Amino acid sequence: MKVLQEKILNEGKVLSGDVLKVDAFLNHQIDPVLMQEIGKEFAKRFKEENITKIVTIESSGIAPAVMAALELGVKVIFARKRKSLTLQDNMYVANVYSFTKQETNEISLSRNHIDESDRVLIIDDFLANGQAALGLMSLVEQAGASIAGIGIVIEKAFQDGGKKLREQGVRVESLAEIASLDNGTVTFVQHETAEVK
């Protein structure tokens, strides 16, 4: 997605060979116009999948998930990382290790909002080692719902998360795929485009 790649190049900051900071538009301050375009792109890519619900994880996945849900006309349910006094019982639970925060979180979804009749699109802001996506897949599978695919805003293709998910037969659609963050520079994966004759 060209507009997203341009935003990453203009406003993202490479902090190391593994870490890209995009808090200027995605995971701290949010650019609503960009989020709207991201939502439209996810809806376009998954429109034939009969999505009934979008599942994401708090908090950075919420903005792109809501915009995609708006385009698809479905609801969003987000996995919580913290226990809530209002959500104590009747929860699906999974453990997720955060590479960025270097900690394991217990994530949960209420059983009241997802069931075996749902066809789910999972959306998240980043895909690196795949732990968040695998945790969300576990929650969806515990509910007996089917997974239509995973939409990722930014994939670090040099890490193994995307490979792990695709090897499980899951459709993964990433809007920006980063090949490298070496030497403080963002390099995107170049996809071959077929020539139309």
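Glycine residues also receive a Cβ, built from the backbone N, Cα and C atoms like all the rest.
These come from Swiss-Prot:
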type	residues	note
BINDING	Leu20, Asn27, Lys156	xanthine binding site
BINDING	Ala128, Asn129, Gly130, Gln131, Ala132	5-phospho-alpha-D-ribose 1-diphosphate binding site
Gly130 (5-phospho-alpha-D-ribose 1-diphosphate binding site) and Lys156 (xanthine binding site), distance between Cα atoms, whole Å: 10
Assigned element (helix, strand, coil) containing Asn27 (xanthine binding site), judged by DSSP: coil
Other C-beta atoms that fall within 10 angstroms of the C-beta of Ala132 (5-phospho-alpha-D-ribose 1-diphosphate binding site): 28
Candidate with sparsest Cβ neighbourhood (10 Å radius) among Leu20, Ala128, the listed binding-site residues: Leu20
Shell of the xanthine site beyond Leu20, Asn27, Lys156, same chain only (C-beta within 8 angstroms of their C-beta centre): Gly12, Val19, Lys21, Val22, Asp125, Phe126, Ala128, Ile154, Ile178
